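Enquirer: Below: one structure in structure tokens.
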Amino acid sequence: MSAQIGVTGLAVMGANLARNLARNGYTVALHNRSIEKTDYLLEKHGGDGEFIRTETMQELVDSLEKPRRVLIMVKAGAPVDSVIDSLVPLLEPGDIVIDGGNSHYEDTRRREAALAAHDLHFVGVGVSGGEEGALLGPSIMPGGSREAYDSLGPMLEKISAKYNGEPCCRWIGTDGAGHFVKMVHNGIEYADMQVIGEAFDLLRSGAGIEPADQAKIFTDWNSGTLSSFLIEITAEVLGHTDARTGKPFVDVVVDAAGQKGTGRWTVVSALALGSPTSGIAESVFARALSSQTEQRVLAQGILQGHEGTVELPETFVEDVRLALYASKLVSYAQGIDMLTAAAKEYGWDLRLDEIASLWRAGCIIRAELLDDIMKAYAVAEERPANLLLTPAFAEAIAGAVPAWRRVVATAVQLGIPVPVFSASLAYYDGLRRPRLPAALTQGLRDLFGAHTYNRVDGEGTFHTLWGEDRSEIEAVDTH
Ligand code: NBP
């Protein structure tokens, strides 16, 4: 018996993907650096389907049909390189090495090029949905060559989540495209969670609504335009009571948010691409600030708030819902804009409608909204320059703007930090204002560094002789 695919790395994600593959009728060869995880999986879940137990990399490779498909599910970073180094000498041209971990897309680009030199395919696959998704159907974002996808794609599509019967798995693009898209997905996830947190804080600290009552509000919101997995689980977490103290669970959890790094990667990449992803950036910084526990404790005794008093409008809860919706839309718009910038930079033909389509189920940011986003990009001739410029979204966000402004102004008055609500609103205003103070920035740059500027009334690049007679000369922009 030979296996159609091998999985090496059988911690929670690898084990669940292996089980998912076996449950879908594939024979799966199992391998882990330490044999205990392999045996544990076989003992607990050996009945899920056909598995082949292997102890060494050579046994793993020998157990596979050709072209061989080996899925690496080890810790991202150096362990992936170490596994690749031990695999490559055992493989033959045409074999496919797949990395399903959260690898950085630049690592994936490097590995793809290195393996191509051995006539091996390297496929970086973004997998979202956590451990449950891996078992029951994740959202899958595969990169690598089209040829590799022809061999691997049907298997991945079969084990992926389905939205109205359609698989949440499509070939994304060459080399690191899959991991890039997964990274941006995670960036949007950070922003999505932060705007939910800001809404919670406003309802609690601003309107005094207790978590259990908020759980009902979020449940209600989940049946409208905000309908999404994250809103659904927010209601669950807010409705949970701590068994030990009888307090709301959210009150006994330390308010320092962790991060594994994909949000940070998104922001670093956005900076490198010159892509204004302020909502995602603020959400990453908000987690970082929350974790500066020592400084926060000191600041409580030193920094004055001078909060104002605000009479909340009767519509406050609805205002917060609209502000949340608008800010969330901006985060998606910024993430998608970043994908467009990356497609240009790396030569990827990213299909934004397909990417939105495979986030509709299986992944953490799954939301009703994504179906509309998919439709916004479906017709090539009508693709908007920015998601917010799609007629339906422009109208939806316009309807939210008055509430959004009220909420941000109220938050500022009350001293409640709403970094993503306010950064998103600033982005929205920055996009729509006919003039920005960037003109002054250009003037300053020209004065101190002769960086030159363009004029509103004609072609050409100019420099003013600030230190001389302030006459203007035409300049060749060398900066
Ligand atoms: P971990 O990221 O915790 O990695 C543990 C696995 O890596 C074990 O199988 C371990 O083998 C193996 N490993 C390590 Br550590 N160093 C190794 C080395 N030098 N050589 C060979 N094997 C090595 O596992 P995970 O949580 O299942 O995640 C796997 C990947 O999926 C990661 O990239 C993760 O970021 C990504 N991911 C995780 C989630 C999630 O919800 N957890 C979601 C989406 C993606 P051992 O058993 O011998 O120590």
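Cβ from N, Cα, C; glycine included.
Those TrEMBL annotations? Automatic predictions, nothing curated.
According to TrEMBL, the record shows the following:
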BINDING   Gly9, Leu10, Ala11, Val12, Met13, Gly14, Asn32, Arg33, Ser34, Val74, Lys75, Ala76, Asn102  NADP(+) binding site
BINDING   Asn102, Ser128, Gly129, Gly130, His185, Asn186, Tyr190, Lys260, Arg287, Arg445, His451  substrate binding site
DOMAIN    178-467  domain '6-phosphogluconate dehydrogenase C-terminal'
ACT_SITE  Lys182  active site, proton acceptor
ACT_SITE  Glu189  active site, proton donor
Enquirer: Considering only the recorded positions Lys182, His185, Glu189, His451, which residue has the minimal Cα-Cα separation from Asn102 (NADP(+) binding site)?
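Expert: Going through Lys182, His185, Glu189, His451 one by one, the closest to Asn102 (NADP(+) binding site) is Lys182.
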Enquirer: How does the model score the domain '6-phosphogluconate dehydrogenase C-terminal' (178-467) in terms of mean pLDDT?
Expert: 97
Enquirer: Reduce the DSSP letter at His185 (substrate binding site) to three states and note it down.
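Expert: The residue in question, His185 (substrate binding site), is helix (DSSP, three-state).
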Enquirer: Looking only at C-alpha atoms, tell me how far Lys75 (NADP(+) binding site) is from Lys182 (active site, proton acceptor), rounded to the nearest Å.
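Expert: The separation of the Cα atoms works out to 16 Å.
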Enquirer: Looking at Cβ-Cβ distances, which residues of the chain lie under 8 angstroms from Glu189 (active site, proton donor) while being 6 or more apart from it?
Expert: Leu230, Gly263, Ile364, Ile365
Enquirer: Give the helix, strand or coil assignment DSSP yields for Arg287 (substrate binding site).
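Expert: Going by the DSSP assignment, Arg287 (substrate binding site) falls within a helical segment, counted as helix.
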Enquirer: Should we count any of the recorded positions Ser34, Glu189, Arg287 as near ligand 1, judged by a CB under 6 A from one of its atoms, and which?
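Expert: Correct list: Ser34.
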Enquirer: Cα-Cα, whole number of Å: Met13 (NADP(+) binding site) versus Gly129 (substrate binding site)?
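Expert: Just about 10 Å between their Cα atoms.
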Enquirer: Given the binding-site residues Ala11, Met13, and counting only Cβ atoms in the protein chains shown, which has the most within 10 Å of its Cβ?
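Expert: Counting every other Cβ within 10 Å of each candidate, the maximum falls on Met13.
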Enquirer: How many neighbouring Cβ atoms, not counting its own, are there within 10 Å of the Cβ of Gly129 (substrate binding site)?
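Expert: Counting Cβ neighbours of Gly129 (substrate binding site) within 10 Å gives 24.
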Enquirer: State the three-class DSSP label for Tyr190 (substrate binding site), counting H, G and I as helix, E and B as strand, and everything else as coil.
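Expert: Its secondary structure by DSSP: helix.
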Enquirer: Relative to the Cα of Arg287 (substrate binding site), which of the recorded positions Gly9, Ser34, Lys182 has the closest Cα?
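Expert: So, spelling it out, the nearest of the recorded positions is Lys182.
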Enquirer: On the three-state reduction of DSSP, what should I expect for Gly9 (NADP(+) binding site)?
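Expert: For Gly9 (NADP(+) binding site) - judged by DSSP and reduced to three states - the answer is coil.
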Enquirer: Over all pairs within Gly9, Leu10, Ala11, Val12, Met13, Gly14, Asn32, Arg33, Ser34, Val74, Lys75, Ala76, Asn102, the annotated NADP(+) binders, what is the largest Cα to Cα distance, rounded to whole Å?
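Expert: Between the most distant Cα atoms of the NADP(+) site, 21 Å.
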Enquirer: Whole-number answer please: how many Å between the C-alpha atoms of the residue listed as 'active site, proton acceptor' and Gly9 (NADP(+) binding site)?
Expert: 20
Enquirer: Counting every protein chain present, what is the number of Cβ atoms, excluding its own, within 10 Å of the Cβ of Asn102 (NADP(+) binding site)?
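Expert: Other Cβ atoms found within 10 Å: 20.
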